[in-house]
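As recorded in Swiss-Prot, the features of this protein are as follows:
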SIGNAL    1-26  signal peptide
DOMAIN    27-116  domain 'UPAR/Ly6'
DISULFID  C29-C53  disulfide bond
DISULFID  C32-C41  disulfide bond
DISULFID  C46-C74  disulfide bond
DISULFID  C78-C95  disulfide bond
DISULFID  C96-C101  disulfide bond
LIPID     G109  GPI-anchor amidated glycine
Amino acid sequence: MDSTHATKSCLLILLVALLCAGRAQGLQCYECYGVPIETSCPAVTCRASDGFCIAQNIELIEDSQRRKLKTRQCLSFCPAGVPIKDPNIRERTSCCSEDLCNAAVPTAGSTWTMAGVLLFSLSSVILQTLL
């Protein structure tokens, strides 16, 4: 084995270790349940089985009045897209899998999603270059 091949192998191992290191201590998410929209939610470390941070905003219409509430939590699955059939409830749910990514329900493409796609693309190019 020549030194170039050994260097490439070490770089590959380092890249894999860096990509895996972030999950060693568990995902961190904000957590609160049914609180007013303006309320701050504390950060928690999720259980190892929880792979998603959930952000849910709910608007309740009761007696011509609107109440806006939010829930932030860790879950093992993404409930986005599950319809609520009550016409007096409007709900928006988003799921993400980066630390503290559920501060708000995104209105467009997530910055973290775009960063993840970019990182994956870049690591693929680096990997092909090394091999």
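Please read every residue number as a count from 1 along the shown chain.
Each residue, glycine too, has its Cβ placed from N, Cα and C.
Small disclaimer: the values here were computed from a predicted structure and weren't measured.
On the structure: features taken from Swiss-Prot.
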{"residue": "C29", "record": "disulfide bond", "Cβ neighbours (10 Å)": "27"}
{"residue": "C32", "record": "disulfide bond", "Cβ neighbours (10 Å)": "16"}
{"residue": "C41", "record": "disulfide bond", "Cβ neighbours (10 Å)": "18"}
{"residue": "C46", "record": "disulfide bond", "Cβ neighbours (10 Å)": "19"}
{"residue": "C53", "record": "disulfide bond", "Cβ neighbours (10 Å)": "28"}
{"residue": "C74", "record": "disulfide bond", "Cβ neighbours (10 Å)": "21"}
{"residue": "C78", "record": "disulfide bond", "Cβ neighbours (10 Å)": "16"}
{"residue": "C95", "record": "disulfide bond", "Cβ neighbours (10 Å)": "19"}
{"residue": "C96", "record": "disulfide bond", "Cβ neighbours (10 Å)": "22"}
{"residue": "C101", "record": "disulfide bond", "Cβ neighbours (10 Å)": "22"}
Helix-strand-coil residue split for the domain 'UPAR/Ly6' (27-116), DSSP-based: 6 helix, 41 strand, 43 coil
Rounded Cα separation (Å) that holds between C101 (disulfide bond) and C95 (disulfide bond): 9
Euclidean distance between Cα atoms of C53 (disulfide bond) and C95 (disulfide bond), Å: 6
C78 (disulfide bond) as reference: those disulfide-bonded residues from C29, C41, C46, C53, C96 with C-alpha within 10 Å of it: C53, C96
Distance, C32 (disulfide bond) to C46 (disulfide bond) (CA atoms, angstrom): 13
Integer Å distance between the CA atoms belonging to C32 (disulfide bond) and C74 (disulfide bond): 10
Spatial neighbour of C53 (disulfide bond) that is closest, considering only the disulfide-bonded residues C32, C41, C96 and their CA atoms: C96
Cα proximity to C96 (disulfide bond), best match among disulfide-bonded residues C29, C32, C41: C29
Model confidence over the domain 'UPAR/Ly6' (27-116), averaged pLDDT: 90
